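Below: one structure, written as structure tokens.
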Amino acid sequence: MGSVYSEYLSSSKVREHYNYTKESPDMKDTPSRQVASALIILLCCAIIVENLLVLIAVARNSKFHSAMYLFLGNLAASDLLAGVAFIANTLLSGSVTLGLTPVQWFAREGSAFITLSASVFSLLAIAIERHVAIAKVKLYGSDKSCRMLLLIAASWLISLVLGGLPILGWNCLGHLETCSTVLPLYAKPYVLCVVTIFSVILSAIVALYIRIYCVVRSSQADVAAPQTLALLKTVTIVLGVFIFCWLPAFSILLLDYACPVRTCPMLYQAHYFFAFATLNSLLNPVIYTWRSRDLRREVLRPLQFWRQAAGVQGRRDGTPGHHLLPLRSSSSLEKGMQMPTSPTFLEGNTMV
């Protein structure tokens, strides 16, 4: 056992595995790669900022301390950490990769797997909550807060275990023939396991939203009609973005499992597929805040404060500041987004 884990600190193991799985393991920092890395880091910074705004909004407003917003805050936290992990992954990629030890490589890849897994499990928790609130016509009460926190903790624990399995021993060190091409220190059976779990979760989310759709359609017209269009639109956006962002990454990992070593050149471009999947973390807060008038107003409050401060500073400097008006909830856009509220469907706000 000790000899196996002693390889974790070997500075030559990562290069050995890349030499076996890659046609050209010398990954130089070309200008195109540097530009791509800079764009990815900018994307991750945007992910961090917008999810941080959602977390601040949920934390400081007591009206958001309900089941839906607790799960939403958990999703924002996991997406924020995914942005941080992907920045670290990008900075430690390229020419830096071959200088890493296996334990450093496992930490680099494992952190991204953990945070992205937590995002997926958060989406599943939100789907379950929506099903409970709509299909079961039941709301979470204050006595259920312990259960919600346990569900959130369980999702992170499962994500930690799932992302930590390779560093715990489920890897291909000493077994080069079982190595993944996309992730050269990961065993192919582990990659297949991760893809299978994510696919099952996706199927469960689809099934839950189909169930919600059927319940809404079967409801009495005077009850369901005001919320039907908004609900179906939200479900379409959530499912469409989730599938659109993750399907290419799932496909490339399945191809990785099926292809013998060095037989599928497309696998050498897999980092673009993972970068594309990260867009899900960027779009999640946009979707949920856009569909909730109250949350959107709270998230935009820092921007409103900045605009007001800029207006005051402009008047002090003698520059026109009258055009820097505070944001109003009664704008034409806001009026177009307002919908009738119902405790059964919306829990006292416009979240659908």
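Every residue number used here counts from 1 along the chain in the order it is shown.
Backbone N, Cα and C atoms are what each Cβ position is placed from, and that goes for glycine too.
Now, the feature entries from TrEMBL:
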DOMAIN    50-288  domain 'G-protein coupled receptors family 1 profile'
TRANSMEM  35-58  transmembrane segment
TRANSMEM  70-92  transmembrane segment
TRANSMEM  112-128  transmembrane segment
TRANSMEM  149-169  transmembrane segment
TRANSMEM  189-210  transmembrane segment
TRANSMEM  230-250  transmembrane segment
TRANSMEM  270-290  transmembrane segment
Q. Among 35-58, 70-92, 112-128, 149-169, 189-210, which stretch has the highest count of C-beta pairs below 8 Å with the transmembrane segment (270-290)?
A. 35-58
Q | Distant-in-sequence neighbours of the transmembrane segment (149-169), which means Cβ under 8 A and at least six residues beyond its ends | A | 4, 8, 70-71, 74, 78, 103, 106-107, 109-115, 117-118, 121-122, 124-125, 185-187, 190, 194, 197
Q | Contact set, same chain, for the transmembrane segment (35-58): CB under 8 Å, 6 or more residues outside the stretch | A | 64-65, 69-70, 72-73, 76-77, 79-80, 82-84, 86-87, 90-91, 93-94, 275, 278-279, 281-282, 284-286, 288-289, 295, 298-299, 301-302
Q) Across the domain 'G-protein coupled receptors family 1 profile' (50-288), what does the pLDDT come to on average, as a whole number? A) 83
